[in-house]
Structures are given as structure tokens and as C-alpha cells.
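Have a look at the structure below before the remarks.
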Amino acid sequence: MTHFLDINATDTSDLKSIMSEAHRIKAARAGKTKGALDDEKPLDGHMVALIFEKPSTRTRVSFDVGVRQMGGQTMVLSGSEMQLGHGETVADTAKVLSRYVDMIMIRTFEEATLLEMAEHADVPVINGLTNRSHPCQIMADILTYEEHRGSIEGKKVVWAGDGNNVCASFLHAAGKFGFDLTFTGPEPLDPEMGFVEEARAKGVNVEIVRDPVKAVEGADLLVADTWVSMHDAPSARERRHNLLRPYQINDELMAHAKPDALFMHCLPAHREEEVTNSIMDGPQSVIFDEAENRLHAQKAVMRWCLGK
Ligand code: CP
Ligand code: NVA
């Protein structure tokens, strides 16, 4: 069974072929209206379950549209409205869904839920975000970088803020796509050291720099994300904001990066918190290309999972 569970769990050669397929898929849609089907319909006759245990705009719509463009159909399921949210085991849910659908995408809290789903499903399972990672987002981000600047290999990516799930997937991707990663944020919100060590063991230059100005020197790409993720306790908001405020991406900080550095944010953003409007809406921002590229990258991921 070919699951897409994490970037560090996927072979480098597979990731690179998914990426080149994503470029091809995007180019093939040039000039088509949004509702049009693709010329090739590899998901014709396929049903895909999209399970959400957390809110979503981009993941939900991009997977749904992507499946339909490829000729398949979707079923969007809210975790709380399923028996899954009322005590049925993940394993039983996986076995039952496998009798109905051809692929499962799940956004959940614990990584263990994703892994249990994959272990017991007879169909491919895709990670649509857990508390620990968000691999589809980073596939879209690399596609976006490559479109604007060419290969990301050897480039300097700076993650500013919370060392969260999206940061973890950037760390995983650094080892696969060969870019340097600098984390700048407060020590209590460092990324998982296991992921840092795993990347370093693969030869990745991972640096942790507390001073954001020093961190962004020579950066090709600056990345921000929310200071309070969906899995964080709302009561932690004030503490997190106080810790993270010095790491806001604004014009002053951006001025220390390379003049052609790009800015990315997976969205949703909290404008004037982790990033200013001037950066979000400025010439270096590629945030809406990232959002669009979720569609193209995930279509390539789904085709790979199904061997299509
Ligand atoms: N970036 C992202 O995953 O957005 P959603 O939470 O809207 O799906
Ligand atoms: N880190 C954020 C990403 C949202 C797409 C969260 O988990 O809420």
C-alpha cells in the first residue's frame, strides 16, 4: 500500500518524481476554466474520503477540487460527526472505509491516529496535517519556490516563530530536497530535536539562531506560521505571543535577507501578528501561489498513491 504519511517517510526519488509530476499537472491545466476536468482522468470511478478532525479551508477545498478534476468523487467527513469521534477505534474505521472508498485523506490531532489508519486501511492514506507534521503543505511550498526561483537545493530557508508541525515538515524536506534550514524562535518553542538531529544526520545544515536579524542574513526564503496552532491550548495564547513577538516578519527584518528572498506562509495567517500586511501583500510574498499549488501538488501525490 502506498501511503503519503510524511516527507521523511517517503523515498527521495518518489518525492522528486511527485514534484515533477506536479509541475506537469499544473502546466497541463493552463488556460482551462477552474471547473473543467483534466484531459486525463486517472481517478475516474474512484471515491476518496476526506476526514477532518480539525477545521480547514485550503486542504478541504484543494483535495475536493483535485479529485473532481481528475474524474473522481469525494466524500467530506467531519470527525465529530463520525463514529470515530464517538469511540469507534481508528482501526475499525480504517477497515470499514476501505470497503467503500479507494483512498483516505485525514486531518487529525495525534500522529498515532494517522499511523493506525494507515496500518489498518487497505487503501492509500494521505496525511492532511497532524499535530506533528503537514507534508502536503511543504510539497506545495517547494513547487512554489521552484516556479519562482528554480531548484531549492543549496538555498537558505529561514523558519521564524514556533517550531511547529509545518516547521517539522520543512525540516523533513531539507533532508530530501537538499536545502539549508535556519530556525529562529524562542527556545521553549524549538522544533522537535529528534527532527533536527535526523536532518543533521542526513547532512543538512540546520541552524538554530536566536537573533532573528542574524538568522535571516543571506536567506533565500523566509517562512512564518501562526503563533497558536489548532492543537495548542487557547490559554497558551498570551505566553506564546509574548515569546514570539520578536520573531514577527516585517519590512525591517526582511531587509536583512537577500533582496530577492521570497516570503511564504501556509495560511491562515494572523495579519500584524506573525507577519505584517506589508509583507503579506508585498512583492516578495508568494502566499496565494502556495495556496493554489496545494491543488497541483496533491493531485500528484494522489496519482502516486494510486499508481496512476
Ligand atoms: N494551509 C492549510 O493547511 O490550510 P487549511 O487549514 O485551511 O487547510
Ligand atoms: N500550524 C498550523 C497550520 C495550519 C495549516 C496549525 O496546525 O494550526
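Every residue number used here counts from 1 along the chain in the order it is shown.
Cβ from N, Cα, C; glycine included.
The following features are taken from TrEMBL:
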- 3-147: domain 'Aspartate/ornithine carbamoyltransferase carbamoyl-P binding' (DOMAIN)
- S56, T57, R58, T59, Q83, R107, H134, P135, C136, Q137, C266, L267, R294: carbamoyl phosphate binding site (BINDING)
- 153-304: domain 'Aspartate/ornithine carbamoyltransferase Asp/Orn-binding' (DOMAIN)
- N165, D225, S229, M230: L-ornithine binding site (BINDING)
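Annotated features taken from TrEMBL, shown on the structure.
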residue	record	DSSP class
S56	carbamoyl phosphate binding site	coil
Q83	carbamoyl phosphate binding site	helix
H134	carbamoyl phosphate binding site	coil
N165	L-ornithine binding site	helix
D225	L-ornithine binding site	coil
M230	L-ornithine binding site	coil
C266	carbamoyl phosphate binding site	coil
R294	carbamoyl phosphate binding site	helix
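Comparing CA positions across the binding-site residues S56, R58, Q83, H134, the one lying closest to N165 (L-ornithine binding site) turns out to be H134. Comparing local CB density within 10 A for the binding-site residues R58, H134, R294, the maximum falls on H134. The binding-site residues considered are C136, M230, C266; of these, M230 has the fewest other C-beta atoms within 10 angstroms of its C-beta.
Sparsest Cβ environment among the binding-site residues S56, Q83, N165, S229 (other Cβ atoms counted within 10 Å): Q83. Long-range Cβ neighbours of D225 (L-ornithine binding site) (same chain, at least 6 residues apart, Cβ-Cβ under 8 Å): G161, D162, N164, V166, C167, H265, C266, E274.
Secondary structure by DSSP for the domain 'Aspartate/ornithine carbamoyltransferase carbamoyl-P binding' (3-147): 71 helix, 21 strand, 53 coil. Here the C-alpha separation of S56 (carbamoyl phosphate binding site) and M230 (L-ornithine binding site) works out to 10 Å. Between the C-alpha atoms of R294 (carbamoyl phosphate binding site) and S229 (L-ornithine binding site), the distance comes to 19 Å.
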